[in-house]
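*Asks:* Here it is, the structure in full.
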Amino acid sequence: MGSTKFPKRYVIVILTFICTCVCYIERVGFSIAYTFAADAAGVNQSRKGTILSTFYYGYACSQIPGGWAAQKIGGRRVLLFSFLLWSLTSALLPLDPNRVMVLVIARLLVGVAQGFIFPSIHTVLGQWVPPHERSRSVSLTTSGMYLGAAAGTLVLPSLVKLRGPQAVFPSEAALGAMWSLLWFIYSSEPPRSEHPKATAAGFGESLLPIKGSQKVKVVNGGHSGKTVKIPWKKIILSLPVWAIVVNNFTFHYALYVLMNWLPTYFELGLQLSLQEMGSSKMMPYLNMFVFSNIGGVIADQWITRRILSVTRTRKVLNTVGFLVASFALIALPLFRTSGGAVFCSSVALGFLALGRAGFAVNHMDIAPRYAGIVMGVSNTAGTLAGIVGVELTGQLLEAAKAANLDLSSPESWRAVFFIPGLLCILSSFVFLVFSTGERVFD
């Protein structure tokens, strides 16, 4: 493996990056297409919120099962199956705002399928990526979400304008099918299963400090041949796990509210056309892509050069990211121009992405053997944030209309952005107090 010019693990990381990119093109695509069709059909904001949040119900249901399946069956297989399932569902989806039940079932199914993806990715990366490369590998992989959101926000409104909202879905399904083919051809099982000396090189194991006297038994270059028993009770009762869970909830509350409602804020809150905004509308997500990778590189540099411990590195990046994002979110309704709103939302999402070099990599610090499981637990909380945040936003806007407030006024949107801003402050404090960079689970 050492003589390979382009190591296999880099291929895996690049493929997982493309994977998250395509997934978020799909999510942004549905939001854009459905918003266009729903507004044309006169659907109210509350029902829009309900349909947009349906995806997250299915997504929440499959997070922990996704981690379990990836642990038992293998992340590579689970990832391929989930991608094929959501691509097929997307290809067959008829977009009619009046066929509510069809939309609900389809979005639930897509949510269930995509819920397996991130636990599987963390399982795969935990097996392939050595500890000193984890921060930038996870940051690069997850930054695909933001590049996908940026690309979708830039391209798909024009596709909707030219060919109608229905054209979005077969295009997304084609991207999903192409990625599935690439994954099937170029991915493989982790090196531990094929190379007995792979563990000695650091693959799939942690070189981080271990609390207490925990040891990992290794047989023939892999884990013990006995079936690994997942320490569910210890995971659920672990304060470092809860620190990750709380921050995952907050991150996704802010992200999903902006991802699903920012088009509505631009069009109704600021009276702007997405088509006329050009490339500026993609800047918040492009900023996330840049800051996510910056955070990963900074974290790995601080750790490998021993500038800061793993624990302090995670805490510093998480705290800075979330606190700056909180101020930007709270200030967002005060900006009444296109440039001001794009700048403020870009700062908010960019620094949230920087914070991912704290909480989002911490799964593999504290539980490298159970990264997919812990990711499933914390991402369930993140998904619940999507359900609560997206639907609550629709209800807040309907309440503003009932109070005779125009949706173009900043008062109608103040609570929408203040809630995630406050959550950022609270969750950064939780992570600062309870998180650790040491390995907690044997």
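Placement of Cβ uses the backbone N, Cα and C atoms for every residue, glycine included.
Note: TrEMBL annotation is automatic and uncurated.
Residues annotated as transmembrane segment in TrEMBL: 6-25, 78-95, 101-125, 137-156, 235-262, 282-304, 316-334, 340-359, 371-392, 412-434. According to TrEMBL, the domain 'Major facilitator superfamily (MFS) profile' annotation covers 12-439.
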*Asks:* For the transmembrane segment (137-156), name the stretch out of 6-25, 78-95, 282-304, 316-334, 412-434 with the most CB-CB pairs under 8 Å.
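*Replies:* Ranked by Cβ pairs under 8 Å, first place goes to 282-304.
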*Asks:* Taking only the residues in the domain 'Major facilitator superfamily (MFS) profile' (12-439), give me the average pLDDT of this model.
*Replies:* 84
*Asks:* Are there three or more C-beta pairs under 8 angstroms joining the transmembrane segment (6-25) and the transmembrane segment (371-392), sequence spacing 6 or more?
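*Replies:* Counting Cβ pairs under 8 Å, fewer than 3, so no.
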*Asks:* Who are the chain neighbours of the transmembrane segment (316-334) in space, where the CB to CB distance is under 8 Å and they lie at least 6 residues beyond its ends?
*Replies:* 247, 250, 254, 269, 291, 295, 298-299, 308, 341, 344-345, 347-349, 351-359, 410-411, 413-414, 416-418, 420-422, 424-425, 427-428, 431-432, 435
*Asks:* For the transmembrane segment (282-304), what are the same-chain contacts with Cβ under 8 Å, counting residues 6+ beyond its ends?
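*Replies:* Non-local partners: 132-140, 142-151, 153-154, 258, 262, 310, 313-314, 317, 321, 342, 345-358, 361.
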*Asks:* Which sequence positions outside the transmembrane segment (412-434), separated from its termini by at least 6 residues, show Cβ-Cβ distances below 8 Å to it?
*Replies:* 239-240, 242-244, 246-247, 249-250, 253-254, 257, 261, 265, 269, 314-315, 318-319, 322-323, 325-330, 332-333, 352, 355, 358-359, 389, 392-393, 396-397, 400-401, 405-406
